[in-house]
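*Asks:* My structure is below; once you've seen it, I'll send some questions.
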Amino acid sequence: MPSEHPFSDGISTLNPKETMNDTAQITASYGRRYIVRTPDGTTYEASTRKKRVDFACGDRVRISPVNAEQVVIEDFLPRQSLLYRQDAWKTKLIAANVTQLLIVTAAVPSPSVRLLQRALLAAEAAGIRAVIVLNKADLPETALWREKLKFYETLGYPVIETRALENAGSLRPALQGHSNILLGQSGMGKSTLTNALLGSQTARTGDISAALDSGKHTTTHARLYDLNGETQLIDSPGLQEFGLHHLQAADLPRYFPDFRHLVGQCRFHNCTHRAEPGCAFKAAAETRAASPERLAFLQGITDELPG
């Protein structure tokens with residue numbers, strides 16, 4: 001294989017017709033460029049037909065050989081889940097077939113409650129278990145943010161504290177047996193946590209990662225790693241916004257653990273949970289049985305959604 005090939009390290013040079021299964025999993029995605037891995041562990045650079053971009057890291061796909069180093073992705077196999085975001089202009093696929101979303105947050109730099117709440121909604125809508133990771137927990141600035149996160153624990157979302165290099169291992173029991181994805185703002189330490197969890201595997205995947213990242217130290221694309229035979233981990237690029245235009249307004253209350261038990265209890269079936277008489281949501285907020293701020297958040301998201 002020519003040494004200048006950007007994916008030369010770790011990519012098979014064997015005859016694909018002799019070694020390739022017709023299925024694979026996407027282990028890295030970068031625009032329209034992908035890395036896929038077949039069941040026997042062989043990796044290939046992959047492209048798509050007709051410039052398709054509806055594939056995500058974690059997808060299990062059907063492939064066809066192009067040459068000894070490259071394959072074409074023909075289609076994806078049925079998905080267990082799909083995590084994505086959508087605003088008024090575009091849809092961005094994040095990961096497929098994940099069973100657990102770990103939202104990595106920290107007191108420094110300034111954490112976004114908006115992003116946290118939106119990511120939790122997206123996980124609920126996709127049927128994905130959500131966990132909050134409080135990273136950099138040893139920083140003195142953490143105390144106030146830790147207190148704010150206690151509210152989400154009351155909603156049933158576990159909060160796990162980490163200090164990246166020192167005790168990333170505290171995450172391992174929560175990761176075990178899941179297809180996991182780390183998601184959060186830039187600077188929260190997702191990639192540092194990933195490297196600490198991977199250990200020596202980082203060196204084995206480093207060359208391909210460097211080729212995809214063009215030498216940058218920040219994650220610019222999603223990458224999937226095997227922690228063991230039962231556990232996978234996807235590191236994803238940092239986010240600042242999480243559009244939810246793919247959700248339906250009528251379904252939103254079911255994605256709120258603090259409001260879903262009130263669904264169907266309003267006097268009017270088409271209640272907007274604002275000024276209508278007999279609104280169970282408004283009554284709960286007025287009596288502090290539910291958070292008024294959370295009701296305002298529900299109303300705000302409803303206003304954003306088309307139709």
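Every residue, even glycine, has its Cβ placed from backbone N, Cα and C.
OK, Swiss-Prot features for this one:
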DOMAIN    85-242  domain 'CP-type G'
BINDING   ASN135, LYS136, ALA137, ASP138, GLY184, GLN185, SER186, GLY187, MET188, GLY189, LYS190, SER191, THR192  GTP binding site
BINDING   CYS266, CYS271, HIS273, CYS279  Zn(2+) binding site
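Show me how these features fit into the structure around them.
*Replies:* For MET188 (GTP binding site), the count of additional Cβ atoms within 10 Å of its Cβ stands at 27 [all protein chains shown].
Counting only same-chain residues six or more apart in sequence, the Cβ atoms lying under 8 angstroms from the Cβ of CYS266 (Zn(2+) binding site) belong to HIS273, GLU276, GLY278, CYS279, ALA280, PHE281.
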*Asks:* Cα distance, CYS271 (Zn(2+) binding site) to MET188 (GTP binding site), nearest Å?
*Replies:* 39
*Asks:* If you count other CB atoms within 10 A of each CB, which of ASN135, SER186, THR192 wins among these binding-site residues?
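*Replies:* Of the binding-site residues ASN135, SER186, THR192, the most buried by Cβ count within 10 Å is ASN135.
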*Asks:* State the three-class DSSP label for LYS190 (GTP binding site), counting H, G and I as helix, E and B as strand, and everything else as coil.
*Replies:* helix
*Asks:* Same chain, not part of CYS266, CYS271, HIS273, CYS279: whose C-beta falls within 8 angstroms of the C-beta centre of the Zn(2+) site? Give them in sequence order.
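*Replies:* For the Zn(2+) site, the extra neighbours are ARG267, PHE268, THR272, ARG274, GLU276, GLY278, ALA280, PHE281, LYS282.
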*Asks:* Which one is it: of the binding-site residues ASN135, ALA137, THR192, whose Cα lies the shortest distance from the Cα of CYS271 (Zn(2+) binding site)?
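*Replies:* Comparing Cα positions, the closest of these binding-site residues turns out to be ASN135.
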